[in-house]
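Only one structure is covered here, and it is reproduced in the block below.
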Amino acid sequence: MTKTPPAPEPDVLFGATDERQFIPQQQTPAAAPAPAEDAHYHGHRDRLRARYREYGDAALADYEILELILFRLIPRRDTKPIAKALLARFGTLAGVFGAPLHLLHEVKGVKESVALDLKLVATASHRMLKSELRNKQVLSSWSAVIDYCHAAMAHETKEQFRILFLDKRNTLIADEVQQQGTIDHTPVYPREVVKRALELSATALILVHNHPSGDPTPSCADIEMTKLIAEAAKPLGIALHDHVIIGKDGHVSLKGLQLF
């Protein structure tokens, strides 16, 4: 009886053929598991988005609102430390969005593109608030005026002098920044203010400037400058309705204090 010879052992060398001309298929190595850190922040992002979708902003802390914005700006990094660092540096969401670009850059993890996008959010907010003043009598929408001016100016690091030009119905014609000054002074020239009002056919003005210190208390120079502008405008039929000083801590109306 003839014995069947044993089958040859397969070649142990990768890629070599056995006697049956069989080429072993190369095994694709299993994908490495995602780092635990990646899995952590992706899961956190999903949970935070779900909470916002279901409950709205009332369910989120300020740093979590910032996180939601930073998710798209910084797609592959844990943004919670950056959001908390921004709030620690600038105090509030308004402070973060109102901060100048060069100060935003000083926060670790905030590159130029991120800082620009944060400022874009602030710009959209300002435009939204300003749109509330269009085609409305400004004096009857005073809270909207204050909200807009506070958003636009309260967190500026230098003094800024802004004028709201109104027509005879007290509707906003133009909103212009006339001067940028130092941290505690802005040069203002009454004749230039009146000249611009005449160019726009404005019949009334509201002056607004900020105090970067945060304290909106008017200085003697603020009061004197207001009186000079009122005196220059009055003979030309231009009324000065108010001069509002904006600070991080609130605002002051010189008209309300009967200072001119």
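Note that Cβ sites are derived from N, Cα and C of the backbone, with glycine treated the same way.
Database features (Swiss-Prot):
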type	residues	note
DOMAIN	138-260	domain 'MPN'
BINDING	HIS209, HIS211, ASP222	Zn(2+) binding site
MOTIF	209-222	motif 'JAMM motif'
Cβ-centroid neighbours of Zn(2+) site HIS209, HIS211, ASP222, 8 Å, sequence order: GLU159, THR186, ASN210, PRO216, PRO218, SER219, ILE245, ILE246
Cβ neighbour count within 10 Å of ASP222 (Zn(2+) binding site): 21
DSSP state at ASP222 (Zn(2+) binding site), helix/strand/coil: helix
Tally of DSSP helical, extended and coil residues in the domain 'MPN' (138-260): 43 helix, 37 strand, 43 coil
Count of other CB atoms lying within 10 Å of the CB belonging to HIS209 (Zn(2+) binding site): 26
Mean of pLDDT values spanning the domain 'MPN' (138-260): 92
